Amino acid sequence: MKGQIRSILMIFSFVVGGLFYESLSRLYWLQPIGIGLMLSVTFIGVEIRKLKPTWMHILIFLCIQAIGIGSWFIARSLGYPVLAEALYYCGAAPIAAASPMIVGIIGGDIEFSATAMLLSQVVFAVLTPFVLPCVVHDPGLTYAVLATLVGKQLIYIMVVPAVVACIIRLIYPPSKLWAPRLRDFSLGIWIWNLTLIAAISTKRMLQMHYSWHDVWPMALAAALICAFGFIAGYWLGYPKLKRECSQALGQKNTILTLYIANQPFATPLASVAPACYVFFHNVANAIQMALAVREKNRLLSRSGGEADSVRDGGEAHPA
């Protein structure tokens, strides 16, 4: 029941954000604070010595870049430059900050997911300034300007929470046990962030004054890239890392690429896709969480049935 409530709340947050966007969008300044708190709790519970890159991590990063650049190239070749830009923002985005938390909830390897999430930000920060001038068709953009733009956001979102978590663990070592206990607290913060994201995105899209004819291809592109990422990740990591890899290729830090898409050099319409992607990948999260609860209940019922069989057999034997 608890898992189902989590899934419902994640979807409901978008309804609330969309309906009350005018008042909630004014609280935009709470969004980085919420992400920082959520990540600090996650990082406190992560064993630093277990954050070891593997060949699977490298394969994940290659797949992320292949999805982003490949989808951009295909759409660009077909004569859809704005759609191509939108696809890049969705496909090439690094792994979302909430991914380790979701992986923990669905019973996956948090350290593997945290390693992938952190390193994907570094890969994105290094490669994106090379690729972005081609994506937005602006050769005048310099590497230094774009690297500063991306790096500044990553410092706020990733580095500060990691440093805070390390300081807390140094001062109070037992704090590493907080993460499992505060998992619902972290999820609550993330649901609040989703509400704010929905409100901010709704307000921005309404201010653009684009027609539905312009918007629906962007939303459809985001949905297709999202579905492809989750499914491809599942098969990439099957059977041992299917949850972790599905999250890595499906749940993206589109808040970062949405920030880039709202810069003066980007096409405003293209920002609709990463905004929609936030909704789609959280629908996928809700589905994964519900499936994880169902699988857990099935295993519990099976183990309970086996225990009853053993108990019945034990009682019948003396008779």
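Please read every residue number as a count from 1 along the shown chain.
Each Cβ is built from the backbone N, Cα and C atoms, and glycine gets one as well.
Keep in mind that this is a model prediction, so the values were computed, not measured.
The following features are taken from TrEMBL:
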type	residues	note
TRANSMEM	7-24	transmembrane segment
TRANSMEM	30-48	transmembrane segment
TRANSMEM	55-74	transmembrane segment
TRANSMEM	86-107	transmembrane segment
TRANSMEM	114-133	transmembrane segment
TRANSMEM	153-172	transmembrane segment
TRANSMEM	184-203	transmembrane segment
TRANSMEM	215-236	transmembrane segment
Interface present between the transmembrane segment (30-48) and the transmembrane segment (153-172) (three or more C-beta pairs under 8 A): yes
Sequence-remote partners of the transmembrane segment (86-107) [C-beta within less than 8 Å, at least six residues beyond its ends]: 3, 6, 35, 38-39, 42, 46, 64-65, 67-72, 75, 113-114, 116-117, 120-121, 123-124, 128, 131, 135, 157-158, 179-180, 183, 186-187, 190, 218, 221-222, 225-226, 229, 243-244, 247-248, 251-258, 260-261, 269-274, 277, 281, 285, 288-289, 291-292, 296
Range from 55-74, 114-133, 184-203, 215-236 with the greatest count of C-beta pairs under 8 A to the transmembrane segment (7-24): 184-203
Positions on the same chain near the transmembrane segment (184-203), where near means CB under 8 A and six or more residues out: 6, 9-10, 13-18, 20-25, 27-28, 30-31, 34-35, 37-38, 41-42, 98, 101, 105, 255, 258, 275, 278-279, 282
Tertiary contacts of the transmembrane segment (30-48), as residues 6+ beyond its ends and Cβ separation under 8 Å: 97-98, 100-101, 104, 110-111, 114, 156-158, 160-162, 164-166, 168-169, 175-180, 182, 185-186, 189-190, 192-193, 196-197, 200, 255
